[in-house]
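Quick look at what TrEMBL lists:
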TRANSMEM  12-30  transmembrane segment
TRANSMEM  50-73  transmembrane segment
TRANSMEM  94-119  transmembrane segment
TRANSMEM  131-152  transmembrane segment
TRANSMEM  159-180  transmembrane segment
TRANSMEM  186-209  transmembrane segment
TRANSMEM  230-258  transmembrane segment
TRANSMEM  264-286  transmembrane segment
TRANSMEM  307-337  transmembrane segment
TRANSMEM  349-372  transmembrane segment
TRANSMEM  384-402  transmembrane segment
TRANSMEM  408-429  transmembrane segment
């Protein structure tokens with residue numbers, strides 16, 4: 001009976017979260033389709049140049065969402081509701097301040113940022129235009145992600161899903177109107193994304209304003225100790241997205257060196273497709289995080305490990321299904337983004353190779369968030385460090401020398417697999433769970 005209830009709770013939280021993240025990433029793909037077909041391949045490559053930065057922003061939001069959400073669910077599980085509310089209010093206040101500063105900074109220093117990101121002369125103008133308009137909506141972009149997580153931690157996972165779908169549908173419609181009807185080009189895609197997030201926030205706000213759950217808005221002084229605690233717990237989520245940005249940046253540099261701009265265009269297509277899979281896997285583990293944190297507060301290790309096991313099995317099934325789709329329908333998916341036969345052929349070769357990494361990626365994400373829920377971020381940080389900063393550059397260098405261009409696409413497989421093996425040796429999930437519960 002306990003296992004049946006566990007599975008029921010898993011589906012209640014994880015499925016809406018995974019679906020919401022899929023829809024969220026889908027409108028990123030729609031951006032790619034409309035930009036590629038409505039503006040051109042150079043515009044598509046320009047969006048990919050900016051991608052590491054936008055992913056870092058998503059990582060920052062994830063840091064607040066997971067760090068704060070973990071503490072909120074843990075305190076709710078321990079029946080310490082007042083403490084949970086105070087943490088939520090501090091996270092939200094600090095997020096408002098931080099996102100405002102980032103928005104202003106990006107608008108002022110847009111050209112310098114895209115130069116650092118590696119934009120070539122032909123890509124710089126479009127990249128600047130996209131980032132500048134994206135930055136205008138930085139506040140709703142970050143708040144939408146964080147409030148969605150807190151609504152999930154407050155026991156309403158379906159509302160989080162509905163808000164994301166509402167934002168996605170808005171973005172898709174506005175993408176088409178702004179790019180094809182109004183001729184706004186690449187900035188139209190950025191504006192559509194921002195307005196979509198405003199809709200997401202608008203759907204979520206009544207939950208807190210009308211006091212539908214435990215968490216409510218209110219003025220609170222930011223406590224440095226609390227700030228440090230939720231930032232330390234949430235930092236691996238920022239690091240995870242940051243490591244992904246580093247991976248994209250490293251690939252972009254290598255591709256410019258050995259293939260050129262067509263290589264970046266092909267890689268941008270792969271990123272659009274892969275991001276969907278990544279976000280589903282990430283959404284799955286984000287959905288389970290409140291359940292693990294809640295049971296951590298209750299000191300129920302069996303439930304915590306049970307949820308982790310179900311998540312790993314589910315992510316493996318999803319990864320296998322995704323690989324099959326990439327192999328069978330790869331050309332059709334790629335054809336949505338570009339009509340250039342050279343780019344399409346290059347992208348299909350890359351997709352077949354890179355998709356194999358999904359299996360290790362899913363398990364690595366599950367492990368990363370689980371250790372965050374245990375308030376043991378050191379292992380999560382180690383995972384991020386290994387997969388991007390240490391193993392990926394080494395993998396790319398070795399595999400390129402052995403397999404040439406195909407080795408570039410296989411770099412992620414090797415780096416993710418080595419990360420999985422290393423973390424499995426260094427940190428045993430079951431032992432760590434017992435240790436933290438007995439502390």
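Including glycine, each Cβ sits where the backbone N, Cα and C put it.
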Positions whose Cβ lies under 8 angstroms from the transmembrane segment (159-180), at least six residues beyond its ends:
16-17, 19-21, 23-24, 26-27, 30-31, 34-35, 38-39, 144, 147-149, 151-152, 188-189, 191-193, 195-201, 203-204, 207
Determine which recorded stretch among 186-209, 230-258, 384-402, 408-429 has the most C-beta pairs below 8 angstroms with the transmembrane segment (94-119).
230-258
Under a criterion of three or more Cβ pairs within a distance under 8 Å and sequence separation of at least 6, are the transmembrane segment (349-372) and the transmembrane segment (186-209) in contact?
no
Recorded stretch, among 50-73, 186-209, 384-402, maximising Cβ pairs under 8 Å relative to the transmembrane segment (264-286):
50-73
Surrounding residues of the transmembrane segment (230-258) on its own chain - C-beta under 8 Å, 6+ positions past either end:
48-49, 51-53, 55-56, 58-60, 62-68, 70-71, 87, 90-91, 117-118, 120, 264, 267, 271, 278, 365, 368-369, 371-372, 375, 377, 380-381, 383-385, 387-389, 392-393, 396, 400, 405, 408, 411-412, 415
List, by number or range, the same-chain residues at least 6 past the transmembrane segment (50-73) whose CB is under 8 A from its CB atoms?
84, 87-88, 90-91, 94-95, 98, 102, 113-114, 117, 127, 130-131, 134, 138, 141-142, 145-146, 148-150, 152-154, 215, 229-242, 244-246, 248-249, 252, 268, 271, 286, 289-291, 293-294, 297, 369, 372-373, 375
